[in-house]
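S.K.: One structure follows; several queries about it will come next.
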Protein chains: 2
Amino acid sequence: MSADDDRAREQLIDLAARFYDQFEQGEVPSMSIPTRTKSNIEYDEEADVWVYGDRESTRSANSVRGAQKLLKAVYTIDFLADQLEQDRSSTLRELYYLSESWDNDNAQFNDQDESNQLVEDLEIVSEVTREDFHMRPEESGAKVMGPLRIREQTNRGAREIHCQDDVGQGGYQIPNNPDTIEFLECDAEFVLCVETGGMRDRLVENGFDEEFGALTVHLGGQPARATRRLTKRLHDELDLPVTVFTDGDPWSYRIFGSVAYGSIKSAHLSEYLATPQAQFIGIQPADIVEYDLPTDPLSDSDVNALESELEDPRFQTDYWEEQIELQLEIDKKAEQQALAARGLDFVTETYLPERLDEMGVL
Amino acid sequence: MSADDDRAREQLIDLAARFYDQFEQGEVPSMSIPTRTKSNIEYDEEADVWVYGDRESTRSANSVRGAQKLLKAVYTIDFLADQLEQDRSSTLRELYYLSESWDNDNAQFNDQDESNQLVEDLEIVSEVTREDFHMRPEESGAKVMGPLRIREQTNRGAREIHCQDDVGQGGYQIPNNPDTIEFLECDAEFVLCVETGGMRDRLVENGFDEEFGALTVHLGGQPARATRRLTKRLHDELDLPVTVFTDGDPWSYRIFGSVAYGSIKSAHLSEYLATPQAQFIGIQPADIVEYDLPTDPLSDSDVNALESELEDPRFQTDYWEEQIELQLEIDKKAEQQALAARGLDFVTETYLPERLDEMGVL
């Protein structure tokens, strides 16, 4: 077991030990966790991320339902501790099905929501992330292309990979747990997260990563946890500026938001996943005007989403207010690939260099 | 330009030359293509794939609308021929936006459906696939893990990659055009296409590819063209049996169908994409009974989908009729990962070896 696995296992066992001590002292066992409702989530102005507030709810064995919840927690802790000891891993879905094989029927999960929620509870209480329990997501991380040499600890040994020279056109596939990656050598100047596969492929074809020292990270829509985690590590450990390049519509601003500020749903993970220093490249509403891009009109749901972003503390900056108000005024949105209306090289020869220069990245 | 690019370019230029000849001979230029409606699609019993029937429709310049269509075709051919000559590529979406930069307003596309359809028309008429025009899909291919060494011709040189030793836990990312791959050395015994990421990761973690000489190909739901193309090439060129492992529900049988028989939507590509020799491993309805798997009841739309599969020529075999009727009778479906109810190693130590043995693959 690695030191990290050891620590995760200890945190879990400590949780179970707390129940044991409660029993010993004649107390009814219980576990307190932050209330995970929208009203108990706060924006931490200093850290620039979402965090839980002070309200807590208690899972106590003073009812049959409560006792069952704690029983399930104990069985799950036992499973996870074994998993760590054996250096294995599993998915949330496997955990749910696996509970069918447990000897106590009361410990079995009724549905997958229940097992998912329990694992999130354990993450919060133990302060160990799911990845460190060796729980794998169903969703794959994205792919990386750029001047970076890494060593990944796979379950069949270490692999050293240069993310340009040792990979195909598709790039390096981020593993489910990017904390198995060690950064060996980095010639990149900045990270460029890209929303769509089409644009990612354009940048790679045009050699943008080679010419500008960009480490391109394909987000593929709403980014997976693995992708956000790797992005944060690239920023924190390699001191690389992180930039995010998406379509110019409210849904894409949310993608930027999830990279930069985390999400309400995973507020307990903000410190682990969010990169508050990430900067938005575009497509900005101002770009739609400046470059006269082909557009679509805003739909009603676009307008609603923009209006709710104006209320969102993450977007309450002069920059975002100006851009969002401009977008509502021009009533237009544009895709990344709309830049092709100016030719296939416009994005790499003109648009991105200009924006990166304005932003002080290049 | 490679010989393939050269051929693709010639086929395109030939199309344009036909219009020229028609003009020369005082004829109204026109182009005939198979009617692409459901009623003109036939199941080719011999080849075991979908193909177009004999009905054709004609795009003729004898109306303004028809003339505009041919004008757009000529501009697109010109763009594609240049693209091939310069060894570049683009996405369907870029083509749509790029048309805004064309000097003739009448040649510009009104919406993306129009440009997508024109490219499909050109595929059919020229008998060159979209990939050979260097049109990239937006969707990424899947990832491969197994004992295979390949050489991929990327746009920055050739890369030799062993799909176990030179990749991380995430595997080798299939490029958008898998015809850039050359197979160098193969120690695999068979191909195992896997529907879900969770199961793909289970097989990799358990070392199934190493122990059984399996080349695992992650489908990720409905497989991308690149994934189906690579699978077909693995079968045809390396003589590997292809097996498909999915959830046990009607939507997953369709995923199998698209690997094995192609789809109605891309009937003109069946020969290029479909692997009629592919075999279905499971989850079979019979497995649900035999292994007493955790299940969900069939929904109304599941029942409808199963009933329409009974009418589908691709599923009119004794095997599929028996399985689908059994499923309707037991009124249950099961996911791949439900095998975890028998322990995390059951799938690799018992289920798959037994099924592969029954099927004569192992």
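Counting begins at 1 with the first residue displayed.
Including glycine, each Cβ sits where the backbone N, Cα and C put it.
Below are the features I grabbed from TrEMBL:
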| type | residues | note |
| --- | --- | --- |
| DOMAIN | B:69-134 | domain 'Spo11/DNA topoisomerase VI subunit A N-terminal' |
| ACT_SITE | B:TYR97 | active site, O-(5'-phospho-DNA)-tyrosine intermediate |
| DOMAIN | B:138-187 | domain 'Type II DNA topoisomerase VI subunit A all-beta' |
| DOMAIN | B:190-356 | domain 'Topoisomerase 6 subunit A/Spo11 TOPRIM' |
| BINDING | B:GLU195, B:ASP247 | Mg(2+) binding site |
S.K.: Could you tally the C-beta atoms, other than its own, that fall within 10 angstroms of the C-beta of B:GLU195 (Mg(2+) binding site)?
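M.R.: A 10 Å sphere around the Cβ of B:GLU195 (Mg(2+) binding site) contains 24 other Cβ atoms.
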S.K.: Under a three-state reduction of DSSP output, how is B:ASP247 (Mg(2+) binding site) classified: helix, strand, or coil?
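M.R.: The three-state answer is coil.
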S.K.: Suppose we call a site close when its Cβ is under 8 Å from a Cβ of chain A; which of the recorded positions B:TYR97, B:GLU195, B:ASP247 are close?
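M.R.: Checking chain A against the recorded positions, the residues within range (Cβ-Cβ under 8 Å) are B:TYR97.
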S.K.: Using other CB atoms within 10 angstroms as the count, which residue among the recorded positions B:TYR97, B:ASP247 scores least?
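M.R.: Relative to the other recorded positions in B:TYR97, B:ASP247, B:ASP247 has the fewest Cβ atoms within 10 Å.
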S.K.: How big is the gap, in Å, between the Cα of B:GLU195 (Mg(2+) binding site) and that of B:TYR97 (active site, O-(5'-phospho-DNA)-tyrosine intermediate), rounded to a whole number?
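M.R.: Counting only the Cα atoms, the answer is 34 Å.
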S.K.: Roughly how many Å lie between the Cα atoms of B:ASP247 (Mg(2+) binding site) and B:TYR97 (active site, O-(5'-phospho-DNA)-tyrosine intermediate), rounded to a whole value?
M.R.: 39
S.K.: Could you find out if DSSP has B:GLU195 (Mg(2+) binding site) as helix, strand or coil?
M.R.: coil
S.K.: From the DSSP assignment alone, can you count helix, strand and coil residues within the domain 'Spo11/DNA topoisomerase VI subunit A N-terminal' (B:69-134)?
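M.R.: The breakdown for the domain 'Spo11/DNA topoisomerase VI subunit A N-terminal' (B:69-134) reads 49 helix, 2 strand, 15 coil.
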S.K.: Under DSSP, the domain 'Type II DNA topoisomerase VI subunit A all-beta' (B:138-187) has how many residues in helix, strand and coil?
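M.R.: Within the domain 'Type II DNA topoisomerase VI subunit A all-beta' (B:138-187) the tally stands at 3 helix, 25 strand, 22 coil.
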